Structure formats: structure tokens, C-alpha cells
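Engineer: I'd like to ask some things about the structure below.
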């Protein structure tokens, strides 16, 4: 049993939980509900030992995490947790390594690890994703990867914090079924933190965290179940928040706590049937589940001239197309819903429409002219992707300050935006990174509303919000449309947003499809077979890192990873050995003929890694000035001994120029060979290879295991620096900051504004990375554990022999040429 008794948690002087008590048995599905900021996520952290209580106790199958680090580790092995933002849980660049991280920390052999990884991926509906790069996945796909990583550890209990918030409707339905099977067939205890009505209806019990002020000693005979929510209140509030008219007498009759939820499930079915019937069939009396205000007459107020236009948009990541011939017009006063499966490219399209990402072809126009960043308000899918300042006030004020508003106007806009999103005024002095998921969502919306833009794009605006917050979001969008703004809402909750929409479009297979208006359009969307099945993403847009500020190409430590290239099938140990041999060979080569031969070898390696030679030039661009100076310094002679005299002692030395050219060629060759290794090897594979190669040194006391872990983290943090930098730049550009205009001094000032939040962001990412590793049982024992010996395969041995032979042969030719 997982038991929490009288738990209290505070952050400084702020008390988050007080007297919280509950118990969860294996085989039980318990829903935790409550308003945003009431402490649901904190209680979830307490249950899995991610955070210790200040008072009270937590005991999991007899283990108390507060007793010792060993007990805390045992609790972490028993209780898995999936948090709201999957990016905070991802520790590896390759999906297989990410899911395998926990099982490896448990000391399982490679065969068992592989079996668990493949089974977990199949369980969450993405069996073919093992070779994908985690940073190229959409937010919904990353959420399923995070869930698979926890399931692969076979926990007894599972704490899920808004696990379906970023998923499309089909994927949500599949995971709801999975949660029920895990609880009732696999006998796992499931704690589901949620605002989702359909998820609440499937729970065996519902507990309202906001009502946990009752201490266990004061509870009735029901024990901790005195804190169980009144089912009628929870369902009624959720239903009203979704726009349904609810009979108070009916919900008041629903039983509480331990009672069956059959009547609630009947309510769900009734509400669902009413939504499917469409707004046109709603009864005049406003019967249970009927749609609320329809958009009849909304078309009459829509301005004839489109505010935001996209014409023939084409966009791809490398050779993989994401958007193909996308055209869309959003008029003044119009609310357009953009739906589609996870990974379809919705967030990428939003970034293009806001002028943050340039399409490969096609045009974007705002009132007939190309928009610049800040012209269109864009609220990102993940709220924290927008944050980079110290306080909520500064976050909301950043946009109007970029518009050169005076401080009085800035203050007016900040408080107006805070009121519009229903945020507590007392939070404006708080750090945006310390807020709950729902509060952070409101701040993200407010920081965009302060732009006072003619068009707005909201990416999943109601995700992680409670019923009141979702109703607020819908009213906010309706108010913007009444003011004549053009609004594009990206959502998986088509049923929820259909009543306030003018029309619905679906993004599928890279193109847009009109789905109709209101409830009729929602019904059409739900019944259309084109919607992807759970886990299916034909194009995999990589939207997560566009919307959150990542790069357009998935990166490992040194370059883009290509998992299906022939070079990726070669053991990392072989590639490191050959890279070392190539480095020695290139640096010792003095003959242009030998360097030309090494260039031929490099072109063969590039082909095996499926890389274009232009990648080498791109990688060398940051040091192009240094290399050019090196070449000129060797070519130009100022001592009067130049072969070709120019003016006085200044002249040209062809021999020196040749030396400089050979130096540049050597650097280019080494960069090329390094990129080949990076493009075909993940950071985890590189660190594992280093540990295996250094394994003999462990006999002399060298801490090989910890060194491998440090290397793995270092390789992980190299792309994280780029991701964090791009995230902050994108967040600032979305609110009007310009990095490309102005004088040199002004540009330096803008870039300087990035450095402080960059360092703070990296420290924050480091803390979360450490917490994610600890949550999956990473400790000193797993850090020092050496991998089991693994012999090279036949392909690896052949490549090693051929590569070593080539290196020796070229070195011999070079030595012979020097003697000759």
C-alpha cells in the first residue's frame, strides 16, 4: 500500500500541503483533482519520493523514504512518475537509450533491458520509435516516451501528472485504456492527476486535494477516504466548465468516496452523445450535455478582408517534408480551430504563421504584409518555453517594453492581461518557474495578450487548466474575436472548443482539410478515418523543439544523428578507435598526395553516414575567420625573404601558403571524421564505448564508471546549451525582440539580455536532469557499475580491420614519400 498520512509541505513561508492523507492499493485507479495551484503536483512528488515531506509521513509497501537514502531509492523503484512536461524527464538523445535508462540502473542484463524497452514502447503505442531521436519528436510523442521509460522499470505504483495533456484525442483514448489495464489487469496502483472529465470518470476513486485540510485523526471511520471528493461536485464543475448544462438535483444525488461511479459513467456517455448530436439538436431547455452558445451569426461579424494569410507553405526538416502546400486565411473576428494528430506539424505551422520560422517556400501575410516577430501573438504549447525572466510581472511586461511603451502603459497592459486570464494578482511578484502548470499557462497567455496584436495563435491554451481555467480560456478567445482579432487555436480538445469556433481545419499528411463549423465540424473530425492512430506520426514534425525554441535539426553532441545510416550499425568502440587513428594519420601526413587519399577516405565515410560534404563547411563556419587568417599569415612574408616581392620587405611565400593550406585541409578532414562519428553515434553510445575501452584501467583504481557518466552528461549538455539558447531567443522574438536590426551596440545589448537567462536556464535544466535521473534509480552504485563485456560483431571486426589497414597503409606511404 502507498500511504500518505498528515503530510505537510512548504516552500519557504508558503504552505502548499497541510494534513494531506490518502492511501492507494495495488490494482486501484485513483484520480487526484483540484484547482490549479492547490498542491496536486506537489503531492505527486511526495508520493514518489522526489520530495520529502516537512511533516507527516509517506510509506510505500513498508518503506519510508525519509529514513535513509537507501529507503528513498527503494521507494523510487516502487513508484514511477510521469510529470507534466516530458522534456524535464528526458535524459538521452535516442529513444531506445531513454527508455532503457531506468532498467539499466536496476542492474538488468542487456537482453532483459532490450525486452523491457520494446515491450514498453509497444505498450504506449509507438513500437517503431526505438531508433528515433528524442529531440525531433512532438510534445505528445515525448510524453509517451517518458511514460514508456517509467513503465520499463515495472513499478508497483504509478503517479501520472496530466499525462495526456499534449496528446491528440485518439492517443488519449488509447492511454486511458492503458491506465485502466495497468490498474485492473496488471495490478498496478495508479494515481492520476488530471482535469480531464473522461479520465475522472474511469477512476475507482476521486480525491479532491483542495479538501485535504481534514487531518487523519479527525477523519471519520472512512480513514483517509474522508478526503475523497464529492463526485457530483467534481463532475458537475467539470461539465459546466466544458459548456454543458447540469441538473444540480441530479449531481447532488451522486454518492461520494467509496461508492460506485456507475452513475458518473452514465453521465459521461450522456454528455458524449449530446456532443455527437451537435449543437443543432440541443434542446431549448438546455438539457444535460447540450452544447452552449453556438456560433450562429458569428460569420456576420467576420471582416471580409483576411487578417492572417498563409499561401502555399512548404516546410521540411532536411529531406523530410512536414508541411506541403498549406494555405489558410483567418479573418477579423474569426476563431479557427487547428486540429491534428500529435506530430502532424501544428506547432511548426504556428511558428511559421507568427513569423518566427521562415518557410522553405510560400508566403505569410498579416494585413497583406509579411509579419515580423511580435506582430502576431503566439502562446507556445509548453508555457515554460516562453519564460526567461525573474518575475511574472517582467514576463508579461516584456512585450510592451519592446514596443517602446512608457512604464505607465506597460503597467496598464500587465494588469489588464492578468485580469483577462484570471491570474491571482498576488502572483505577479513570483518566479514564473515556481508556478503550477495551470498558473504557468495563464502567465504564458498573459505575456502574449500584452502585445495587443491584431492576430493571436494559441497552442493548446487550455492544457493543464482546471474547469474554471478552461472556461476562462474560452471566454478570453471569444472576447478577442468580438474585438475583431483573428484567432487561431491549436487544440486536441475539439469537442471543448467547437462551440466557440467559426470553423475547424485539420492538419494531416502535411496539408489542411476543412472540417466544417461548430459541433458539426467536431463530429466530422471525430468520425473521419484520416486521424492517426495512437503513436502514428507519418511525418514527425519535430514541433516540440520549434515551439519551445530548439533547433530544426535533431542534434547529438556534434551533429545531426542519422540512425538508419550504415555507419550507425558499427560499434561505437570501432568508430572511436578509427577516429583516433585518422587523427594521428592526418596530423602526421606531410604530402598533399597522402592528404588527398585521406580526403577520399573521408568521402567514403560521409557516404556511410549519409551526410553531405556541405555539413563540413557549415561546421567550420564559426572558425572561418581564424582559418582564413592562418592561411594569409603563412602566405604573406614580411621579412624580405619572400619568393614573390610585392612592396619592400612584403611579399608572397608559396611554400608558406602551401603549409597554411595543408593546415586548413587537416582541420577540415578532422572535422569531417568527427562529424561522421557524431552523425552515426548517440551520446550514450559514445560514453558507453569510452567506458568499455577504458575498462582495463579499472583494475588500477581508475573510476571508469563515474567518468563515463560525466562524459555522458557532458555530451548531453552540449546540445542542451544550443536548445536553451534558441528557446530564449525564440521566446524573446515572439514578443518583439529583434536580434538582426539596429546598430552594433544595440545588437550587442539584445544578445547580452540572453546571457543571464541562458545561464539560469542551464542551471535549472541541470537540476531537472539530476532529478529525472534520480527518479529512475540513478545513484552512486549505478554510476560506478561497469557494463558487461560485449564482443565485437562480425561487421565491427571487418570494419576495424579494413580501417586500421587503410590508416597504416596511408601512414606508410607518407613516411616513404618523406624518405624519397
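The backbone N, Cα and C atoms fix where each Cβ goes, glycine too.
This is the feature table in TrEMBL:
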| type | residues | note |
| --- | --- | --- |
| DOMAIN | 2-237 | domain 'ABC transporter' |
| DOMAIN | 308-534 | domain 'ABC transporter' |
| REGION | 530-549 | region 'Disordered' |
| TRANSMEM | 576-606 | transmembrane segment |
| TRANSMEM | 618-637 | transmembrane segment |
| TRANSMEM | 657-679 | transmembrane segment |
| TRANSMEM | 700-718 | transmembrane segment |
| TRANSMEM | 748-766 | transmembrane segment |
| TRANSMEM | 799-819 | transmembrane segment |
Engineer: Rank 576-606, 618-637, 700-718, 799-819 by Cβ pairs under 8 Å to the transmembrane segment (657-679) and hand me the top one.
Structural biologist: 576-606
Engineer: By a Cβ-Cβ criterion of under 8 Å, what residues six or more beyond either terminus of the transmembrane segment (576-606) are in contact with it?
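Structural biologist: Long-range Cβ neighbours of the transmembrane segment (576-606): 567, 612-613, 615, 658, 662, 665-666, 669-670, 672-674, 676-677, 686, 689-690, 693, 799-800, 803-804, 806-807, 810-811, 813-814, 817-818.
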Engineer: Same chain only, please: residues at least 6 beyond the ends of the transmembrane segment (799-819) with a C-beta under 8 Å from a C-beta of the stretch. Say none if there are none.
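Structural biologist: Answer is 570, 574, 577-578, 581-582, 584-585, 588-591, 593-594, 597-598, 601, 792.
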Engineer: Averaged over the domain 'ABC transporter' (2-237), what pLDDT does the predicted model reach?
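Structural biologist: Value for the domain 'ABC transporter' (2-237), mean pLDDT as a whole number: 83.
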